[in-house]
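All remarks here apply to the structure that follows.
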Amino acid sequence: MNHKEILDQLVPIVIEQTPRGERAYDIYSRLLQDRIVLLGSPIDDHVANLIVAQLLFLESQDPDKDIYLYINSPGGSVTAGLAIYDTMQYIKPDVVTICMGQAASMGAILLAAGAPGKRYALPHSRIMIHQPLGGIQGQATDIIIHAEEIKRIKEMLIDILAKHTGQPKDKIANDIERDYFMSPYEAKDYGLIDKVIEKRE
């Protein structure tokens, strides 16, 4: 049994009473009814497709009502993360972002990409930004091509962070040279979030 199969067996089932009797949901489907989307894993193409599908579904249900994206992710694939990012910017509803645990790498970019004034973190979470990572093998010409692509992606991510934080691009470029960890309060000062929340208001 692989890791995913084990996790699938551990997903709680919620039983609800309806006029037609009992109805069982997995916990994620039940949260989706309340417009809550959970990003709680490394970001790969499969995870990104699930998140994007949920965002598009919730927009079709009600284009004027906020969507709540809870993030606890170490980051992952840049292209997969950018698929989520672009969808967040594309859809009509505001996407409220809430960091719990950690939002690192692409997770931090998605956190910052929430609707202005609606980006939050819980008090013991952590946020980390850094430059994109690349492990390339192959012929010298291919390595050069991939190195140029990594530089292009790095500039794109700097532009995105500058847009959502208000920080100068040269400061961001310097800060992401190495892993740059922040407490929620430091992330607020940096412009990655708008507020640290301890209790639901």
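Residue positions begin at 1 at the first shown residue.
Backbone N, Cα and C define each Cβ position, glycine as well.
According to Swiss-Prot, the features are:
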| type | residues | note |
| --- | --- | --- |
| ACT_SITE | S105 | active site, nucleophile |
| ACT_SITE | H130 | active site |
Alpha-carbon distance [the residue listed as 'active site, nucleophile'; the residue listed as 'active site'] in Å:
6
Around the Cβ of the residue listed as 'active site, nucleophile', other Cβ atoms within 10 Å, all chains included, total 26
If you draw a 10 Å sphere on the Cβ of H130 (active site), how many other Cβ atoms land inside?
17
DSSP three-state call for H130 (active site): helix, strand or coil?
coil
What three-state secondary structure does DSSP assign to the residue listed as 'active site, nucleophile'?
coil
